[in-house]
Ligand code: SAM
């Protein structure tokens, strides 16, 4: 994959992006995947799993803010948050920015991702690892949701790899049924659903599965520069359809109370509400309501 001073992403067989490498920082074969961290010339430090870009220091804020602030502020009173995957710690940091959150449990299958993120990407999680509200578990997300007590979380955030390999279980009927069970009355789950211009099946198939367990299934969009191919979709599955209808004013008020307003670089109340307006080429992959 590393050729001369370039790294080519191997996500798609016939199209992709590449980075000029200043320095390779780590290359580890864990029990689950090939992990690489390097210093790029243009995007700060970059982490790849099995040749696929997971995070870059330059644009991580887009993905992390949208995956975190949208569900928490749509819910409005989330105190207990479950994070699956997200070993870099970026979602954990954003969740704990909400002063309304009392408990954040993060379940990541690969301890090596956490170790390398702490060593080479310390700014992504900041002090979140040491926050007394955080509990970090190295384990399989599917096992955790099977065993979690009913009604024990308000929001589930799934920041997983794509539905191949170890991440596949996080896109199954069983996973979503357990999420519905462990969530409280107005609970919701969001997850990364890929870039629909290139990975339409991911959105289409997982939306159908979510619809078996949740009353309101939808998606919202974010433009993440290094998840190439246009908008990426974040999957939405809520028990209460009203959560998606929060107004700009309501969201702003909640963000103010939670300590989020003015602390973001992508998320704003307007972008929060606008992100649910989908181009038809994306909306056509959602179940018709
Ligand atoms: N934001 C990036 C993205 O979407 O490309 C980061 C993804 S994050 C690093 C994905 C994490 O999900 C990986 O660290 C991977 O080990 C973890 N993961 C995959 N399958 C899992 C499972 N079954 N249980 C818990 N974590 C899992």
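The count begins at 1 with the first shown residue.
Every residue gets a Cβ built from N, Cα and C, even glycine.
Secondary structure at residue 159 (active site, proton acceptor), as computed by DSSP, is strand. Look at TrEMBL and you will find 159 tagged as active site, proton acceptor.
Annotation note: residue 33 (S-methyl-5'-thioadenosine binding site) sits in a coil segment as assigned by DSSP. There are 22 other CB atoms within 10 A of the CB of residue 33 (S-methyl-5'-thioadenosine binding site), with all protein chains counted. Per TrEMBL, S-methyl-5'-thioadenosine binding site is recorded for 33, 108, 140, 141.
The spermidine binding site annotation in TrEMBL covers 88, 159, 160, 161, 162. Counting every protein chain shown, the Cβ of residue 162 (spermidine binding site) has 17 other Cβ atoms within 10 Å.
Taken from TrEMBL, the feature domain 'PABS' applies to 4-239.
Of all the recorded positions listed here (140, 141, 159), 159 has the Cα closest to the Cα of residue 88 (spermidine binding site). The spermidine site is defined by 88, 159, 160, 161, 162, and by the 8 Å test on Cβ atoms against their centroid, the other residues of the chain that qualify are 49, 54, 85, 86, 167, 192.
Between the recorded positions 88, 108, 140, 159, the minimum number of other C-beta atoms within 10 Å of a residue's C-beta occurs at 140.
Taken residue by residue with DSSP, residue 108 (S-methyl-5'-thioadenosine binding site) is part of a strand. Listed in chain order, the residues near the S-methyl-5'-thioadenosine site other than 33, 108, 140, 141 are 32, 84, 85, 87, 107, 109, 110, 139, 160, 166, 167, each with its Cβ within 8 Å of the site Cβ centroid. Cβ neighbour count for residue 160 (spermidine binding site) (all protein chains, 10 Å cutoff from its Cβ): 21.
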